[in-house]
Structure formats: structure tokens, C-alpha cells
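Asker: I am attaching a structure below and will ask some questions about it afterwards.
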Amino acid sequence: MPSNFSSFPECVKCDLRSSYCKTWENMTQSCECRDGFARISNGSCASESKEYPLHFKSQLLISSFAVVSDLARGPSSSSSDSEEDEPFCVLGQAEKAATRILTELLSKYDRNLVPKMKGVDVDVELLIQRVSEISEIQSSSTMHILFSQIWHDPGLSFEHEEGAHCLTNLSLSHRMVDNIWLPNVCIVNSKGSAIHKSPTPNIFLAIFPNGTVWMNYRVVVESPCEMDFSFFPMDRVMCTTIFESYAFNVGKVRLHWKRQGQPVEFIDDVKLPDFHMTKFVHEKATFIYPAGVWDQLNIKLLFRRSYGFYILQIYLPTYCMVLISWISFWLDRRSLPARVTLGVSSLMALTLQYSNVSRSLPKVSYVKGLDLFMFGCIVYIFLSIVELAVVGSLEQRKQQRTNVDGDFLSDDDIKKNIFQRTFSTKSFKSGYGARHHQFSECASPEDGGEWPKTRTEWAERTYVECPEPEPPESNRHPEVENDSNNKRWTAEDMDRFCQKLFPITFTFCNLIYWMYYTAKSKD
């Protein structure tokens, strides 16, 4: 017995459930009724309403719901005769009274009838233990929840039964669930659900003296999620769970979110590797079936994808592949095999990277945000390979022009060209032929003439007059040819142009991409 009870006998009457020991200014103590209880004729405290307040029920659910053992007061000379006649709860008698009361209740109880003719109001409370997974392939979320239903059943009231004052409630086993009427509230849109069994089914059932029934399930449920991958990986996900009485329409069962206190709570913060929850919304709605109108309680969890993983595993490697393909712009133009290897290797690596990402996502028919990025990078790598083909073509044309100018002239043509140009310019134009009349007409063997064959014949001739040949048709206007050559692009010009064009345009496109999608993710 507590020391304050022995010092103040008046506090012995306090049952700690409906009353408490209060100390007054004159240092005296007495039992006072708690909130929601009123003093009745026999001096004890009783509930003011038929149903217990919901906040009190929450306290009872969190507590152990053990039967309160009242202290028995022995005879005292200061007590009155009415106090001596007032019944008290003796330790061990409450359990016997509970068994007797439950047996009497069930003997005259019909579990097939709705407790009230006007229907039953059921309060629903949800305590989310954790959200363990969100699957893109299945478009669902997995949650572990504590799902409570509270309603009033007059047929289970036992407050006027003998010994009821000794009972706070009847805490029953999960086996007793099948013996009472249930509102049959279920999760109608779940893909799958199961009651935890560790080691027995996690079902809590309590019946209060006024007939209020509190039933709680610990359930793992897989709920559907609405996913739109248009902005992937900066997208959002909304998972919806719908509670509904499967067997009774609004004429028999009316559902409400718990009308006092917070109906939806989280035990801990939702922590997922690739999502974080932004907010949740609980709503009440009605749905019309052919059999009537049903109440529905919806809870919507909104998540935003954490795209840090995709930046490290997809975006940065893809940027590296694109930059590697641009290295070929600075390589020697004659090293075409090395340049082609860089471009093709980057394209194959990017394709493999994209296939690995697509394998973990559903096969949707619309373009995702990541698809747009990957397609753009593939286009840039492909254009770098096309640039190699253009450079090779320009380099080949340049080599062909060089070969036409002199690489493929025969030895006789070279001798003839040198002979004609040298002798005609140095000898004939100097006036030497005017003083010496011994000269020989210059004629090539192809023109029917003969060149001197011996040294004596060469010595007898003062000079050989060879007229300077006319320039070819293509060289009559050299200034026109120089202008056309200056306008013609070379392979070096193409490389220099791409060295600036590719980085600038790629940077500009990426700025537009990130500004648009990050803004959409914050809406």
C-alpha cells in the first residue's frame, strides 16, 4: 500500500482509473473524479457518457490494459457505516469476474446482427510503423501499419454487471474476434496484405464496460502507387490506401477518421534509399455500388524521388563518355583508326549503360526524362563519328589534288618541263641568240624532233631555242584559283569548328534540360 494512502485513509477509495487523490490547501486529501467521470450516489466516479472519450482510449491502448487492483480498506473507527457497506475489489476477484461477465455476455449475444438499428459509427485510426519499399516495376508500396477500429456495441455493455466496477476493460485473445460482430473494415485496393504473426496473430481486442469495442491489427499491406515517369528521375509518386467496410453500406456502417486527436500518425520518419516523403493527406469519400453507397477512408502518401544515385551512376558516366568521344577532334587527322575507335567505344558504352537503367523500370510507351537525356548524348556521339567521316573525305580530296599537281608525272614529262622552262627563259630572253645564228629549233621526240645525242653536237650549238609553253587552261587566271582554294574547307578547318561547336551546344542543351526538370520536380 502506498505511504500516502496509509497516511490519508480517504485516498484508499481512489481506484486510480476514474478518480485520483487530491491534496487541498489545508493539507487534507480526498478522492476526486477524473475528467469525463462524475460522482454518483454511492460516492464512486462513473463515466458521464455512454462511450469513453477517444483520447482516453488511446491512453488505454498504449498502456498494458491490465486490470487495476483496488486496495481493500479494513475496518476503521473513523469510517462511517455507509463506507463499511461499500463493496471493494479484492486482488484476484477481478479476473474471476471478467470470466463470468464474458460468459454471460456471449451467452445472450448474436454476432450476426448489427448492434444498432440506425447503424454503427466506426472510428478508424492508423499508426504507420514504417514504409519499407516502393517498387517501380510493381507500382506499389509496402507498409507496416497498426490499424484500429472503434465502435459502440450495446450488446457487449457490462457496466451494470456485478463486479464490473473492478474491471477497466476486457482484454481478449485474438480467438475471441470470431465471437463478436465486426464492421468488416478492410483495405479494398490492396494488392496483398497479411496480419503479422510473431509468434501469434497480432490482433488486439478490448471491450470497455459501456460496450465500446477497440480492435487493432498489425498488418503488412502492399498498396498501389500512381507513377508518372515523364520526369524520371525527378518524378513524384503517390501511394493510396483505401479503407472500406466490405459487407455493410452506409445504412449499417458509417466510417470516420478518428474524430478526436490525430487519426494518422507515424512512429518514425519515413526513410527510403531512393524516395523521401513530402506529405500525406487523409480524406473521406463515398463510392456508389449497385448495392448502395459505401463510405471510403483514403490516405495518400506523396513521395519525391531522390535522384542523387542517378547523378552518380548515370549522368556523370554519360558525360564522361561524351567528352571522350570529343577527344578525336584534337587527334591527328591521319590517325583515323584511333579516332573511330574512340567514337564507337563511347557509343557502345553509352548503349550498355542505358540498357542497364531501362531494365529496372517498367516498359512504358512514353518518353521519360532520362530517355531524352540519353538520346541527346547518343546523338552527340553519333555526330562526332559522322565528323570523322567528313574529315576523312576532305583529307582524301586534298591528297588527290596534290597528286594531280605533280605526284604522278612521268620522268620524261618532268625533263621536258624543266628543259623548256630553263633554256627559253635564260638563253633566248637574254639576247644571246641575236648574236649567234647557230641555233637549233627545239622539238621534243614526241613532236618528231631529235635532241642532241653526243657532247660534240651539244658543243656545236650556241643555244637551243625553246619557246616557253603556254600555261594550262587552269593556270591562266591564278587569282581566281587562289580565291576558290581559300573558300574550300579543309579537314583541319572542320576539326577546329567542331572543337568549339560541340561543347558550346552541348552545354546550352544541358542548361535547358536541368532548369526545366528541376523546376518541374519542385512544383
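Backbone N, Cα and C define each Cβ position, glycine as well.
In TrEMBL, annotation is done automatically, which means it is predicted and not curated.
Just lifted these from TrEMBL, have a look:
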type     : residues : note
COMPBIAS : 473-486  : compositional bias 'Basic and acidic residues'
DOMAIN   : 99-306   : domain 'Neurotransmitter-gated ion-channel ligand-binding'
DOMAIN   : 314-403  : domain 'Neurotransmitter-gated ion-channel transmembrane'
REGION   : 466-486  : region 'Disordered'
TRANSMEM : 307-329  : transmembrane segment
TRANSMEM : 336-352  : transmembrane segment
TRANSMEM : 372-391  : transmembrane segment
TRANSMEM : 497-517  : transmembrane segment
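Could you tell me the structural context for the features on the list?
Answerer: Panel annotation: around the transmembrane segment (307-329), residues 233-234, 273-274, 338-340, 342-343, 345-347, 349-350, 353, 357, 370, 373-374, 377, 380-381, 384-385, 387-388, 495, 498-499, 502-503, 506 of the same chain, lying at least six beyond its termini, place a Cβ under 8 Å from a Cβ of the stretch.
Beyond the ends of the transmembrane segment (336-352), by six or more residues, the same chain brings 318, 321-322, 324-325, 327-328, 374, 377-378, 381-382, 384-385, 388, 391-392 to within a C-beta distance below 8 angstroms of the stretch.
With a threshold of 8 Å between CB atoms, the same-chain residues lying at least 6 positions outside the transmembrane segment (372-391) that come near it are 315, 318-319, 321-322, 325-326, 328-329, 333, 336, 339-340, 343-344, 346-347, 350-351, 354, 491, 494-495, 498, 502, 506, 509, 513.
Listed by sequence, the residues of this chain that lie at least six past the ends of the transmembrane segment (497-517) yet keep a Cβ under 8 A from its Cβ atoms are 231, 234, 322, 326, 329-330, 369, 372-373, 376, 380, 383-384, 387.
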Asker: Under DSSP, the domain 'Neurotransmitter-gated ion-channel transmembrane' (314-403) has how many residues in helix, strand and coil?
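Answerer: Each residue of the domain 'Neurotransmitter-gated ion-channel transmembrane' (314-403) counted once, the result is 76 helix, 0 strand, 14 coil.
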